[in-house]
Amino acid sequence: LFEAYVQAEDPDVICLQETKLDSTTLPLSKKSTPFKRVGILEDMGYKAYYNCSSSKKGYAGTAVFVKISGPLGLPIAVHKRVPGPSMEEANAEGRTLALEFAKLWIVNAYVPN
């Protein structure tokens, strides 16, 4: 269903929260169980950007997938931290991922309730 949805809608950007990935599970691929549905996006022409939790393995995390051939192109910068002392916990948990493009920013945030 996920692949069919992405193929049908053909989004330029996909933002995911609560990925629960860690740097040892990257990069993903079609064979990366249970993440094959996410990993297949790279095979479908998307560039992946991840922000994984460094404080707890398999916790929180965000990801953004940008269509390589899309109108935005690739970001000129990727920001994984929000400045300020009150943001240290959120930064360590990989809760934000901001992509800076020439004409806009895309901010993906996993916000706790």
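Placed from the backbone N, Cα and C atoms, the Cβ positions cover glycine too.
Predicted, not measured: the structure shown is a model, and the values here were computed from it.
What TrEMBL lists as Mg(2+) binding site is E18. Cβ neighbour count for E18 (Mg(2+) binding site) (all protein chains, 10 Å cutoff from its Cβ): 13.
Among the features that TrEMBL reports, domain 'Endonuclease/exonuclease/phosphatase' is placed at 3-68.
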- Item | Across the domain 'Endonuclease/exonuclease/phosphatase' (3-68), average pLDDT on the 0 to 100 scale | 83
